[in-house]
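Trainee: Pasting a structure here, questions to come.
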C-alpha cells in the first residue's frame, strides 16, 4: 500500500509538473483543430464526387487532347500539332503538368481512348472519372496553401483569415468552372496564393519564384506581374530608407545588388528551365499563348467595360434606325467619320459585320461607336495598372501590395482584349485577401463576388446545372458576406461614412436573383414561341450588362479607397 501511495503521489506530482505545458499544448491543438480546413475539404469533395456524372464543357475534350499530345508526341511538336482544333495554348509548365498526368493514366482509361491523338475524342465513363479525379486531387494544393496561410496568421487575425481561406476554398468559381465546366484553376491559383503568403511573410525570393512558376503554368497571371515587379523591386531590391539624390552614383548605391542577383537569378533560372526545351518552336508557342487574331469580346461578353461599350452601340443603333430625329441629333453633336455618314451606311455596317450577338469569336465590329484595336486595350490596361502600382513605390507594405494586385487584375479584366468571363477569378482571389483588413472594403467586395460569380452562370447552360449553380452561389453569398461583416475589423472612420452607396449596392446584389430567374423564364418561353428565337442573345446580354455594372462599380469603389482613403493603408 505504501508503494502504491508513493507511485500515486509521484504520478500526481509529475502530472502537476506537466500540467502547464499540457494545457498549453492542448489549447494549441484545440486551436489548430478549430481553424482546420479538413472538414471543408471532405464536405466539398463529397459534393464534387456527386457532380461527376453531370455536364461538362468542350474544355474536357481540350484537356483530354492535351494529355494525348504531351504523351504521344515529342517536345518539339507539342506547340505545332494541330490534329485537333483544341491545340495546346497554355505555357510549357502546364504542358509538363499534363504530361505528368498522362503517365499515371490507368490501363482501363487508356483502353477507353483517353490518350488517343485524334481530331475528336471518343471516350466513356472511365475517362470522365479519371479526369474529374485529377482536378479534385490537384486542388488539394489549394487547401494546403490556405491552411498554411491560416496557421501562420497572428492570433488576433486568425478568425477573419480562416473565414477568408474557406471563402476561397469553397468559391463558386472553382466549383462551377473546375468541377462542372472542367478546368484546373484550383491548382493554378494555389501557386498564386502561395506567392501571396510568401509576400506576407517577407520571403521575397520565394514570392518571386512562386509567382514565376504560376506564370509558367498560366500566362493570364502576366496581368498581375506589374504589382509583383514593383513590390519586389521596392521591398527587396531598392534601399531607399536614407536615399538622397545628389548624383547618378547615388542610384548605384540605392540598389541591393546581392538581393537583385538572388531574385533575378531564381526568376531567370525558372524561366530558362521552362522555355529552353521549346526554343526551336518559340514563334509557334508565342502565337498560341497570345492569339490577337481573336476578337475584342468573347462569344459571351465578359462583364467588363467592353460589354457596356457593345451594349451602348446596340442601343444607339436601334434608336437611330427606329426613333425619328435621333440620327439628326447625333450628327449635330458628332460629325462623320466618328459616326456613320448616313442611315444607309448604318444598315450596310449591320449587314456586313459581326456585332457580338451571333456567338462568334472572330473580330467584332461596331456600327455606331469607333472600332477598338488591341493597342488601345493594351494602353488602357497599362495606364490603370501604372496608377495601381505607383503607391507601392512609396509604401511597399503587404496591404498596399494586395491592393495593387487586386487593381491590376481589375484593369486587365475590365479593359483587356478578348477577356473570358472566367478571368474574374484574377480579381476575386487577390481581393479576398485584401478584404480582411477593413470593413470599408466590404461593399466593393460584395459587389464583385456577387456579380462576378453570377456572370459565370452562362458557362453552365444545361438545365440540370441550373439549381446547383444558383443555390450554391446564393448560399455562399449569404454565408460569407455575413461572416466577413462580423469578423472583419472596423476602423473609426467607418462611422463617418455616408451609407447611401452601401444600401444601393445591397439593392443591386438582391436584384441579381430576380435577374437570373427572369432570364431563365425567358429561355423557357423561347422554346414555346418561335418569334422569340431571334432574341436568344437577350439572356446573355442581361447577364453581361447587369454583372458588368456590378464589377465596374466595385472597381471604382476600390480605386477610390486605394487612392484617397489614406488611413485605410496605414
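Cβ coordinates are placed from backbone N, Cα and C, and glycine is handled just like the others.
Given the structure is predicted, the values throughout are model-derived calculations rather than measurements.
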Trainee: With Swiss-Prot as the source, do residue 212 and residue 449 lie on the same side of the membrane?
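Mentor: Judging by the topology that Swiss-Prot records, the two residues are on different membrane sides.
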Trainee: May I ask you to indicate which of 355-375, 376-396 is given in Swiss-Prot as transmembrane segment?
Mentor: 376-396
Trainee: Of the residues in the topological domain 'Lumenal' (200-212), how many are helix, strand and coil by DSSP?
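Mentor: When I sort the residues of the topological domain 'Lumenal' (200-212) into the three classes, I find 10 helix, 0 strand, 3 coil.
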Trainee: Who are the chain neighbours of the transmembrane segment (183-199) in space, where the CB to CB distance is under 8 Å and they lie at least 6 residues beyond its ends?
Mentor: 59, 63, 94, 97, 134-135, 138-139, 141-142, 144-146, 148-149, 152, 168, 173-174, 177, 206-208, 210-211, 213-214, 217-218, 221, 224, 228, 231, 398, 401-402, 405, 422, 425, 429-430, 433
Trainee: Give, as a single whole number between 0 and 100, the mean pLDDT over the topological domain 'Cytoplasmic' (56-127).
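Mentor: Over the topological domain 'Cytoplasmic' (56-127), the predicted model scores a mean pLDDT of 96.
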Trainee: Six or more residues beyond either end and a Cβ under 8 Å away: which residues meet both conditions relative to the transmembrane segment (263-283)?
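Mentor: Result: 75-76, 78-80, 91-93, 204-205, 208-209, 212-213, 216, 232, 236-237.
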Trainee: Considering pairs 6 or more residues apart, do the transmembrane segment (301-321) and the transmembrane segment (35-55) have at least three CB pairs under 8 Å?
Mentor: no
